[in-house]
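**Q** Taken from TrEMBL, the feature compositional bias 'Polar residues' applies to 342-351. Annotation comment: TrEMBL describes 1-338 as domain 'Major facilitator superfamily (MFS) profile'. Annotated region 'Disordered' per TrEMBL: 342-364, in sequence order. As annotated by TrEMBL, transmembrane segment applies to 7-27, 33-63, 70-91, 103-123, 144-170, 176-199, 211-233, 239-261, 273-293, 313-334.
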């Protein structure tokens, strides 16, 4: 990112994603069998590279443009992430039913390609100085490792719902297929609407970030435990309770996800990293790498557990990721606060003020 520039990386990533999305639309013309499967993997991999480039660069550009309001800006932009989650499936389904397989992909790819020249004209170009700081130096920081665990667990929990939730809704509540998308709205809307407020709170009261992280992880774990609910609770699953849990999951995911990026930056600054686009590229790259890793592990493990144990147990086990990260974050922050308190008391012993007052009184 430092060598080629954040703007070029963002625009190039969008261009690759747009072209690859159009390629998706013509994959059905390929003969079935190993050739088709191989091309699917190849096209998906190309799309991942374009997505990673665009997302890494976008996080860096935002942090560079709004250094004092990173969480607020990221939270505000999550509104559009939520809109994408809400509008993507019904619009894609409408285009698919009306015009066939190719049109949804070609339409979306063309929209992305049209935005490439728009961003070339609008986005500012930031000059960056290469830094001596390395990715390995960043990832070896204990706090950064803990935050990586948080990102991974949140992404895994969210990804778990993709292959499993619709099947559970159809089989458990006997809803028509068209209503399944409406159930997804609970999570998407609560996440997108709460993210700006959580981002503003995170920027205005930075000391609350750590407790937002901890609380978000624990609430997410509880909600996944109740999503089925877990069989050991002997509670009958109800549609209203399922939707309520999704709404709370959307809110709790925002509590944990929004403060992570500024927390990672703050940790890097405290450990001597140089401010600039180079550091922003390292942090945003690490953030998106951990998110993508969770997005792979969540559906993979979740699909396996769902087949072997059923959705109720699978969701409870999946919530263990969030429980582990929330407890680990809580223990870390409490230990850190205790250590700082002990260090400050050793530097300023309580008796110093009394002795100074006594000496000043004797001198007079």
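Cβ coordinates come from backbone N, Cα and C, glycine included.
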**Q** Of the listed stretches (144-170, 176-199, 273-293, 313-334), which one yields the highest count of Cβ-Cβ distances below 8 Å with the transmembrane segment (239-261)?
**A** 176-199
**Q** Does the transmembrane segment (103-123) make contact with the transmembrane segment (313-334) through 3 or more Cβ pairs under 8 Å, each pair 6 or more apart in sequence?
**A** no
**Q** If we skip the immediate neighbours and take only residues 6+ beyond the ends of the transmembrane segment (7-27), which ones have a Cβ under 8 Å from one of its Cβ atoms?
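**A** That would be 1, 36, 39-40, 43, 46-47, 49-58, 61, 101-106, 108-113, 115-116, 119-120, 123-126.
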**Q** Answer with yes or no whether the transmembrane segment (70-91) touches the transmembrane segment (144-170) by the criterion of at least three Cβ pairs under 8 A, sequence separation 6 or more.
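**A** Answer no: the transmembrane segment (144-170) and the transmembrane segment (70-91) share fewer than 3 Cβ pairs below 8 Å.
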**Q** Residue list, the transmembrane segment (313-334) vs rest of chain: Cβ under 8 Å, 6 or more residues beyond ends.
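**A** Apart from its flanks, the transmembrane segment (313-334) reaches 142-143, 146, 149-150, 152-154, 156-157, 160, 164, 210-211, 213-218, 220-225, 227-231, 256, 298, 301-302, 305-306.
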**Q** Considering only the recorded stretches 33-63, 70-91, 211-233, 273-293, state which has the highest number of Cβ pairs under 8 Å to the transmembrane segment (176-199).
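**A** Most contacts with the transmembrane segment (176-199): 70-91.
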**Q** Mean pLDDT for the domain 'Major facilitator superfamily (MFS) profile' (1-338), as a whole number?
**A** 86
